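Annotated features in Swiss-Prot:
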BINDING   E567  L-isoleucyl-5'-AMP binding site
BINDING   K611  ATP binding site
BINDING   C906, C909, C926, C929  Zn(2+) binding site
MOTIF     58-68  motif ''HIGH' region'
MOTIF     608-612  motif ''KMSKS' region'
Amino acid sequence: MTDYKATLNLPSTAFPMKAGLPQREPEILQRWNSIDLYRKLRQIGEGRPKFILHDGPPYANGNIHIGHAVNKVIKDMIVRSRTLAGFDAPYVPGWDCHGLPIEHKVETTFGKNQPADLTRERCRAYAAEQIEGQKADFIRLGVLGDWDNPYKTMDFANEAGEIRALAKMVEGGFVFKGLKPVNWCFDCGSALAEAEVEYQDKKSDAIDVAFDVEDADKLAAAFGLASLAKRASIVIWTTTPWTIPANQALNVHPEFVYALVDTGERLLVLAEELVESCLQRYGLAGEIIARCEGKALELIRFRHPFYERFAPVYLADYVETGAGTGIVHSAPAYGEDDFRSCKHYGMENDDILGPVQSNGVYVSDLPFFGGQFIWKANPAIVEKLAEVGALLKHESIQHSYMHCWRHKTPLIYRATAQWFVGMDKVAHDGSSLRRRALDAIEQTEFVPAWGQARLHGMIAGRPDWCISRQRTWGVPIPFFLHKESGELHPRTVELMEQVAQRVEQGGIEAWSKLDAAELLGDEAAQYEKITDTLDVWFDSGTTHWHVMRGSHPMGHEQGPRADLYLEGSDQHRGWFHSSLLTGAAIDGHAPYKGLLTHGFTVDENGRKMSKSLGNVIAPQEITDSMGADILRLWVSATDYSGEMAVSKQILQRSADAYRRIRNTARFLLSNLDGFDPAQHMAPNDQLIALDRWAIDRALLLQREIEEAYTTYKFWNVYQKVHNFCVQELGGFYLDIIKDRQYTTGADSLPRRSCQTALYHIAEALVRWIAPILAFTAEEIWQYLPGERNESVMLNTWYEGLAELPEGFELGRPFWDKVMEVKAAVNKELENQRNAKAIGGNLQAEVTLYAEESLAGELARLGSELRFVLITSAVDIAPLAQAPAEAVDSELAGLKLLVRKTEHSKCGRCWHHLPDVGSHAEHPEICGRCVENIEGAGEVRHYA
């Protein structure tokens, strides 16, 4: 038997079938490094339109987790796709370095009592060490960026830039000192930002407390009575007994109806709609003897249960009747609403009682409870209320309560003297920061769109921003306050610039070492140099000022507004929020044109990642076992607008999809063996019809892919690429062309036409996947034929794809119909194989009984229809002639009849044909193969 293998164009490539990503990816990283890819991208980007994605800095503490990986991969997909779209898209990674978590870590290691300068030195060293670890992990994910020059908020230039940003806000009239309740953590010993507060369930003491009336005549008059016949009390309900020693007022809603209830022993004032539930709670019977609106109770005084002072009634719209009594006890030092209400009624700061110290302990001279920690004092306060006859009910309730994000301990609101950025303070230009920020939101594009309403609601309802902290490791607030008046030095902005210049040279330590006399001269004795530091959200929130336009070597190129900020959805109250406020204050607009948010990672059951649940998947595990490209493919395939489910099983599905894409690329490469595009590319107008369709289909797909990348719908890119590889290529085109590719002459037009199409598709495909499968695309790039530059990323979207001309004989609708017919035939062939009626498809001869229009369409392929259906023979007959044994197909107007061929198998092309054995010199092969070996070669037009 003759071996015809040498006469076939069998596929061949050195591109490995097995990816081996954990081993191969580090080699590709080394290659990118050796060719200085990032710098080359900046060089070729000169003169291109810019696209700036400004990096929200992760905190420089601990290993990266899967959420970090998701964030950086999405950013990288955007930067890479914008680069391929012809933009200059630099990416400067950053780190957030100051703040309590690092200071806490250093204190845990070295103790709390070390000198402040030593603490700062150790914090700086610790942050630098953490950055190196995180940086290595981000690079391993394939994230392309300026890793040699990242920005760090602890860089001296950035610390100085932050002071300059603060000076701009002082100059604009937005910064003031005030006494206000702020979120306070006893363990931190400092105020916390809103973004540092999380809510957990907490068990609390809920108490109903009676305040006896002092102005009995006024209370009687309010209820339309001549006098009160017995002891009368107003009742409050609270879950914070520890605030009772700080009570200074009582709040009622001006429009609610309040009832005077006779319970026998005493009269109680309660909101009318809560009377029944309150009496039931107290185990009392009673009847309403009078009613009045809340506004009638204004300024009537009641006695504190155990201190010799009075609590007047103030009107407040925030009072609700969802629980409690409809009356709120007001401790202005420990509640935002309470504080506002008391200030509205003229209470001076000096009159506000604040018996709780920064460590949560009452001042020592507080009667009854001095020196006690507030949480431990609760039982004693309840006991005291019972002792004086003021306690009507005590029970324990479970409710959601604010906790420190770091220590997981309960927080309180605590009025302290702090520095604030005023939301409603009218700036020098007559506008408020709140108005500026809300206007800026309207000018910002949000992905997903619901982010706009969310951020708008947060800005509309937020209090003034407390920017001061009482910590060591942070950028100083370099203010000098007059010792008598408490006012800022009149040259504050000028002095801040002088401090910034010193910090630029010596870091934040320059402020702690500074002698006030160096700047103030003889005035120094009159001024106090403050020691507060800035909220870390001010650090990251001003990077648009001191990184995008300042400290970074690329800063001047980036300008005042980034095209995009991209972080997790929690950053609406974090980095997006603080950046918006500082941008609106300094520049009058947001520092970003667009905001993109992604959801959090959960396991396959929708549960939060947690060590206790054992469902945590570290990105390092994925890169070590499966490769970064598998993680990147999973990110691309997942709709990030909601929760992002990840598990080993889900990642395995991504690995399976990866293999299908890789195998498609390998098929393309192996069939381009020996193809030199400079010599062998067939002209477009000479290409076989099916090849022209394949190129046209790739062009249409590329347009859809470009649109999906532009709108950040990476899951659409994934689906389109995967479906193209599996269905249109793997399930249709590549299957059909194998015969032509392998059996026609090596340099024949049918084969070169096919290779031309494969080449165009490969050139396009490698670019489509480059933003997602960064490593694999680079690997494919090295195996593609023809002259090319060093990296796929040094190119733009492929421009060699040609559209089918209008009126082309076999256009898109034609091939869509052919695919449907092929799917119907494949289904019946599979049935026949399963029934053992045929072996392979080439043992089959098919008759298509088709209605007239379909028959006419299929007939256009002539004898080449069999190559499309991959059977040895195809006949077309009228649908009306279909015999009883013909099988219905899912395609209307088509029936099928498959029969096993009686002809011999060609030993070269494996088709079963009547002329096999008719050629004396080649008795084992068909006439077509003889022509392809010895003659001019077969002619193909369509397939």
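Count begins at 1; order follows the chain as displayed.
Glycine is no exception: its Cβ is also placed from the backbone N, Cα and C atoms.
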Quick one: pull the CA-CA distance for C909 (Zn(2+) binding site) versus E567 (L-isoleucyl-5'-AMP binding site), whole Å only.
56
CB-centroid shell, 8 A cutoff, Zn(2+) site C906, C909, C926, C929, site residues removed:
T743, G907, R908, W910, H911, L913, V916, I925, G927, R928, V930
Helix, strand or coil at C929 (Zn(2+) binding site) [DSSP, three-state]:
helix
PLDDT averaged over every residue in the motif ''KMSKS' region' (608-612):
82
If one measures from the C-alpha of C929 (Zn(2+) binding site) to the C-alpha of E567 (L-isoleucyl-5'-AMP binding site), what distance in angstrom results, rounded to a whole number?
61
Between C926 (Zn(2+) binding site) and the residue listed as 'ATP binding site', what is the CA-CA distance rounded to a whole number of Å?
67
Secondary structure tally of the motif ''HIGH' region' (58-68) (DSSP, helix then strand then coil):
3 helix, 1 strand, 7 coil
For C929 (Zn(2+) binding site), list the number of other Cβ atoms lying within 10 Å of its Cβ atom.
27
Please determine which of the binding-site residues listed here (C906, C909, C926) has the lowest count of neighbouring CB atoms within 10 Å.
C909
Tally of helix, strand and coil residues over the motif ''KMSKS' region' (608-612) according to DSSP?
0 helix, 1 strand, 4 coil
Which one of the binding-site residues (E567, K611) has its C-beta surrounded by the most other C-beta atoms within 10 angstroms?
E567
Need the DSSP three-state call for C909 (Zn(2+) binding site) to compare against my parser.
coil
Hey, how far is C906 (Zn(2+) binding site) from E567 (L-isoleucyl-5'-AMP binding site), Cα to Cα, in Å?
61
